[in-house]
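Chemist: My structure is below; once you've seen it, I'll send some questions.
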Amino acid sequence: MASSKDEAGLKQGDRELDGETTRRPPNGSAAEHSPSTEKSSLGPAKHAPTRPAATGGSASSQPGSSGKFSFAFKASSKPTPTAPKPEISQKFNAPAKRDPSANSGGGGEREQEPARVAPAPAPTEPASARQRTELGNRSTPEGPKVVVLPRMRKVKKMMRRLKSRPTLEADLMGSESVFYRKPGNESVVGSGTYGKVFKGVNCYTKGLVALKRIRMEGERDGFPVTAVREIKLLQSLRHTNIVNLQEVMVEKNDCFMVFEYLSHDLTGLLNHPTFGLDSAQRKDLARQLFEGLDYLHTRGVLHRDIKAANILVSNTGVLKLADFGLARFYAKRHQLDYTNRVITIWYRSPELLLGETQYTAAVDVWSAACVMVEIFNRTAIFPGDGTELSQLDKIYSILGTPSRQDWPGLAEMAWFELLRPTVKRRSTLAEKYGDKLTPAAFDLLAAMFQYDPAKRPTAAEALQHAYFTTEEPLPRQAVELAEIDGDWHEFESKALRKENERREREARKAKDGSREKDKKRGAEGGSDGDGDGDGDGEPEAKRVHTDEK
């Protein structure tokens, strides 16, 4: 009887459950986590139907004769069910246990979620230090933890030792530019189309320098191309017989090239009123000249302005080539066109005077030969009046008129027809300089003064000539230059020449004045027989005495 009642109750519960399924709330609602849901999900698996757990309603249980119970979901309008047994309520109140097979599908129990662990704090030390700390903690599991501090590397600061500079003078401390200064108004040591050259003093080392100011006036490009070329060349040249460019500095609107200072140039030295060079010293200067040229030509550089004023000489007799404003690199294996408006006209070779543009290093050799004659004779060998025609006439008067046998490419010169010589002349070089030079020196000069550029010796071949190698006396450096008082450059020699010319003019004026006085005195006193005032008596004797003085 009891079993029939239980079955009837189960059927009624099933019907009520079917009716309640239509009122099931959506997933994720608050009823999903109600205690009734948890109780229904924990019922016995044998007698409970395999249905999804209801999300709403109340649960009721009726114990059977066999000690088992059943439950059904009822609407809120039903009467409150009887309280379950204590052991059953304990099961319902216990926390839900989840089975790992819950995620496998079907109606199995849910998998138990692992406990959430707080994230580890962000590391505040290097990984290598953390590993050492963990190893230290593992090595002492029972005792107190020993914290191993990371080893810190000492950073070595590399500092350059600055060269100590002496303190400046009190009058220079307030100046804006104190690295170089001019010693006075007499500091100008050179002047030309490029600008002026000043003597300067390094305020720290007290050493002398030459400041070459680059002229900026009239430059449409802002900076002269010749100055750029000179700076580029000098920065790549390092030789004993090449002037040293120390630096380039800019002050306000002026640009200066800072060179080492040398006390003399060849023009000033040769025009010195008291000092003279002997044969061995002249030979040494010529040797240094060709050594500097050989270095330039080996590096592929044409100087294109070799003259006595551009050759500097130190107090110890060291010769250095200077003024590279017209110098440039040239192609040794290719014939390229260059300007022929180079080299001071007194030292310019015949091919340049005739308009040649594809020239070689032979133009520098011709100029060096002119300088070599000037070293021995103290005067220029071809002093023209500044025109190409006059300069060619000077050359023809000493070396003779060139022929096609002497110079096969003569007729191919651009200006040959325009400057064709009208009179054929013979060479007078031996007559004028044969007795002033040694045989070996004359032979070397004759070879360098050939009209054909291809026949002239190179600077290296000139150094191997017998004049420098075997002929006595051998070259000797002019160390006696240290005994000369003052500096002697072309600028000083020009000033001396102007002063001498002024004195000569004053002497001529005084002489002419004395003549006028003698004429007036003769006209008034009748001392002259013919009255012309020439003065055959006492005035004439005075005039002769003045001339002798």
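Glycine is treated like the rest: Cβ placed from N, Cα and C.
TrEMBL lists 1-144, 494-549 with the feature region 'Disordered'. Positions annotated as compositional bias 'Basic and acidic residues' by TrEMBL: 1-23, 494-523, 539-549. Under the heading compositional bias 'Low complexity', TrEMBL lists 56-78, 115-130. Here TrEMBL flags 183-468 as domain 'Protein kinase'. For K212, the entry in TrEMBL reads ATP binding site. The compositional bias 'Acidic residues' annotation in TrEMBL covers 527-538.
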Chemist: Mean pLDDT over the domain 'Protein kinase' (183-468): what is the value?
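Modeler: Mean per-residue confidence for the domain 'Protein kinase' (183-468): 90 out of 100.
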Chemist: State the count of C-beta atoms found within 10 angstroms of the C-beta of the residue listed as 'ATP binding site', not counting that atom itself.
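Modeler: If we count other Cβ atoms within 10 Å of the residue listed as 'ATP binding site', we arrive at 25.
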Chemist: Treating G and I as helix alongside H, and B as strand alongside E, what does DSSP give for the compositional bias 'Basic and acidic residues' (494-523) in helix, strand and coil?
Modeler: 30 helix, 0 strand, 0 coil
